[in-house]
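To start, the structure itself, in structure tokens.
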Amino acid sequence: MAQTETQEKKGLGRKVQAFGSFLSSMIMPNIGAFIAWGFIAAIFIDNGWYPNKELSQLAGPMITYLIPLLIAFSGGRLIHDLRGGIVAATATMGVIVALPDTPMLLGAMIMGPLVGWLMKKVDQFLQPRTPQGFEMLFNNFSAGILAFIMTILGFKLLAPIMQFIMHILSVAVEFLVHLHLLPIVSIIVEPAKILFLNNAINHGVFTPLGTDQAASAGQSILFAIESNPGPGIGILLAYMIFGKGTAKATSYGAGIIHFFGGIHEIYFPYVLMRPLLFIAVILGGMTGVATYQATGFGFKSPASPGSFIVYCLNAPKGEFLHMVLGVFLAALVSFVVAALIMKFTKEPKQDLEAATAKMESTKGKKSSVSSKLTGATTGTGAAGVAANKANGEDQNEASSEDEEEDLLDNYNTEDVDAHDYSNVDHVIFACDAGMGSSAMGASMLRNKFKKAGISDVNVTNTAINQLPNNAQLVITQKTLTDRAIKQVPNAIHISVDNFLNSPRYEELLNNLKKDQDKA
């Protein structure tokens, strides 16, 4: 019974992670639009850095129309590619026009995937039944009719529901703010970050509500709750001073990556090594939120990534010191509590490598920065098992891992010399989101090709679920290769342990030159 309950809890956690990951896939590609809107609002509105009545008119339409439509398009495209995105964006206009005074981000996050899924089902039904020669007619009219129906439904049905939901959430936040209880949110948010459940909270609640508040009040504290780098740097500073061995040695580099790069996951293994440090990050987070609430601080747009540099750039006029104070006090409290815990408690039984593997298992995939903490191959097995669980497989861990290994062996994913590269002119790096680690890997390989004089091979990056059917050569981290194979089974697949440091790149480079010289 206890084992069944544990499995159910793990399954629920995976579902929340998957949900958060999907929300993140809609929001993160559009962060640039949020930042552009934030700059326009911060600089040109009446109380901005350089007020300009003419240019300030851009802010309203951008947050009312542009950003919700971009989110809806991204959500629809995730489900049914370009066609799903276009129909989803069109249908979302119904919700936007029905509630023009409320930035309809939440409505776009619902309407986008929903309409994309409906378009996919309509196409699956119609395509086998479409007479030859009528394909364009059926395709265009089916998309147009579905967009028409869903736009009307969005206007009449979804908009009132969204208005009610936004009202309830806003009242809840206002209640916490009024009673000065907003800092208690950190009790949920800070542990959720380390358990990788934060995306569902951050992108599902804070971003829509924060955007709504920023549009009406000019800024929102909700953008500063989860992204504050203070609690994390406090933990790492404690390790720099009181840590030992590998944890101490790696904490310096981790601190730079976390504080200036905004990659918070780099400090998660340090907390997992000593679970009592959850107390430190919670108290640090609460201190930061309490400071911002007391000073009335907030950002005009999402501070993403959670880097101190981004915080400096996004700080509203006249509130730079408030921003610094919130980060400093959060870091100070986190550091003091962590230092006391490390000084007066026993050394952890698990080392940093074990904690990193635990973090990757919790995340359900290989971390793009974990190699900075451990050896290149650390945690691969644990992450592979977790990835299979996240995909909904109900087999036991051993059999799941064996199946994955068999699939990789069948494709010779670790034997670069086993493939023919004579017809390869396009290499694709693929990761979960298609933005972070794969982009860095692709950039590095492009530089290697340039130095080697290989100019006729294009190197790009994308998300695994957006790999094109005609992909020729796909490079993924080992824990994600099985998903890539299932997505494009006819491509050559190469597994690496770390996108930024793999000996297989040199092997690939030599094989490409050799095979293409023969051709």
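Including glycine, each Cβ sits where the backbone N, Cα and C put it.
Per Swiss-Prot, domain 'PTS EIIC type-2' is recorded for 19-351.
For 31-52 (among others), the entry in Swiss-Prot reads transmembrane segment.
Along the topological domain 'Extracellular' (53-56), the predicted structure has mean pLDDT 88. Per Swiss-Prot, topological domain 'Extracellular' is recorded for 53-56 (among others), and the stated evidence type is similarity to another entry.
Residues 25-27, 29-30, 33-34, 36-37, 40-41, 44-45, 84-89, 91-93, 95-96, 100, 103-105, 107-109, 111-113, 115-116, 119, 211, 214-215 of the same chain sit 6 or more residues outside the transmembrane segment (57-77) yet have a Cβ under 8 Å from a Cβ within it. Taken from Swiss-Prot, the feature transmembrane segment covers 57-77 (among others), and the record attributes it to similarity to another entry.
Look at Swiss-Prot and you will find 142-163 (among others) tagged as transmembrane segment, backed by similarity to another entry. Packing against the transmembrane segment (142-163) from elsewhere in the chain are residues 83, 86-87, 90-95, 97-99, 102, 104, 106-107, 110-111, 114-115, 118-119, 122-123, 126: each is 6 or more residues past its ends and has a CB under 8 Å from a CB in it.
Residues annotated as topological domain 'Extracellular' in Swiss-Prot: 164-172 (among others). For the topological domain 'Extracellular' (164-172), residue counts in helix, strand and coil come to 9 helix, 0 strand, 0 coil, using DSSP.
Annotated transmembrane segment per Swiss-Prot: 173-193 (among others), in sequence order.
Taken from Swiss-Prot, the feature transmembrane segment covers 281-300 (among others), and the record attributes it to similarity to another entry.
Sequence annotations record features per position, and here Swiss-Prot assigns topological domain 'Extracellular' to 301-320 (among others) based on similarity to another entry. Outside the topological domain 'Extracellular' (301-320) by six or more residues, the chain places 27-28, 31, 34-35, 37-39, 41-42, 47-49, 207, 210-211, 214, 218-219, 223-224, 226-229, 259-264, 295, 327 with a CB less than 8 A from a CB of the stretch.
The list of residues near the transmembrane segment (321-342) in space but at least 6 beyond its ends in sequence, with Cβ under 8 angstroms from a Cβ of it, reads 224, 228-235, 237-239, 241-243, 274, 276-277, 279-281, 283-285, 287-288, 291-292, 295-297, 308, 311-312, 315. Among the features that Swiss-Prot reports, transmembrane segment is placed at 321-342 (among others).
If you look up Swiss-Prot, you'll see 366-406 marked as region 'Disordered'.
The residues of the domain 'PTS EIIB type-2' (425-519), classed with DSSP into helix (H, G, I), strand (E, B) and coil, number 44 helix, 22 strand, 29 coil. Per Swiss-Prot, the feature domain 'PTS EIIB type-2' maps to 425-519; the stated evidence is sequence analysis.
The annotation phosphocysteine is assigned in Swiss-Prot to Cys431 on the grounds of similarity to another entry.
Per Swiss-Prot, the feature active site, phosphocysteine intermediate maps to Cys431.
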Count of other CB atoms lying within 10 Å of the CB belonging to Cys431 (phosphocysteine): 26
